[in-house]
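Q: Have a look at the structure that comes next, please.
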């Protein structure tokens with residue numbers, strides 16, 4: 001073959017040159033000067049956050065509409081009027097129809113008059129105000145609300161005790177058996193729960209505040225139980241008052257006079273209906289709707 005006929009060899013592409021420098025370590029630290037500064041919180045903003053964390057109500061508490069505020073104010077006003085009015089109406093009934101009060105052996109009927117008056121005052125008026133405090137005192141600190149709650153229960157306690165002793169002594173003087181009626185059974189259970197609630201509440205929510213941080217979890221877990229039994233005690237007190245008023249009306253006036261709707265019978269029924277209205281308003285206010293509800297107690301143990 002002729003050497004002049006051989007085709008020339010194609011030129012090869014040059015070999016790429018790679019970076020032979022050593023790789024950078026994987027956990028190379030970024031200079032602190034290159035990092036963005038941390039967010040700063042002014043003293044006013046920090047105080048605002050602290051106040052928001054310590055609030056006991058929902059975040060939309062201040063966002064109620066005018067209708068909701070009117071409803072809230074109306075319910076609280078009616079409940080307050082009825083709580084005071086039911087005791088005032090009971091006192092009027094005793095003075096106008098039952099000849100007032102006394103604690104003497106020769107007039108045991110006047111001694112008995114202490115029983116309905118003090119039981120209505122203790123189980124309905126003072127206990128009702130104690131329950132309503134968590135809706136009335138919206139701007140107070142929790143510790144002040146708890147103190148007022150305890151004070152109203154402290155006012156109810158001697159009323160219930162003296163009212164019980166008055167009817168017990170009256171039965172003994174008249175030779176009447178004790179705890180024979182449904183009214184007495186309901187009242188006995190209500191008194192027992194009231195005493196237990198007061199003892200547990202005083203110990204756990206007042207005395208244990210001395211060691212606030214150490215007992216916060218225990219007190220927070222006890223709040224729903226205490227609240228549930230408090231409402232149950234109030235309902236039982238209402239039932240005891242209603243059955244007692246009916247029993248007193250039938251025994252004192254007689255079935256015929258009571259059925260004829262005499263003036264005293266109307267007053268007694270008015271007291272009973274006032275007690276029912278108080279129960280409805282207090283239970284409605286405690287349960288609430290929407291913005292009325294408190295946050296779970298576990299978030300605010302103190």
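Cβ atoms are placed via backbone N, Cα and C, with glycine included.
Positions annotated as region 'Disordered' by TrEMBL: 1-56. Annotation source TrEMBL lists compositional bias 'Pro residues' at 22-40. Taken from TrEMBL, the feature transmembrane segment covers 72-96, 116-135, 147-168, 188-210, 222-245, 265-286. TrEMBL lists 78-287 with the feature domain 'Cytochrome b561'.
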Q: What stretch in 147-168, 188-210, 222-245, 265-286 has the biggest tally of Cβ pairs under 8 Å against the transmembrane segment (116-135)?
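A: Going through each listed stretch, the top one turns out to be 147-168.
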Q: I'm a bit unsure how to read this: which one of 147-168, 188-210, 265-286 has the highest number of Cβ pairs shorter than 8 Å with the transmembrane segment (72-96)?
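A: Answer is 265-286, with the largest number of Cβ pairs below 8 Å.
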Q: So which of 147-168, 222-245, 265-286 is most in touch with the transmembrane segment (188-210), counting Cβ pairs under 8 Å?
A: 222-245
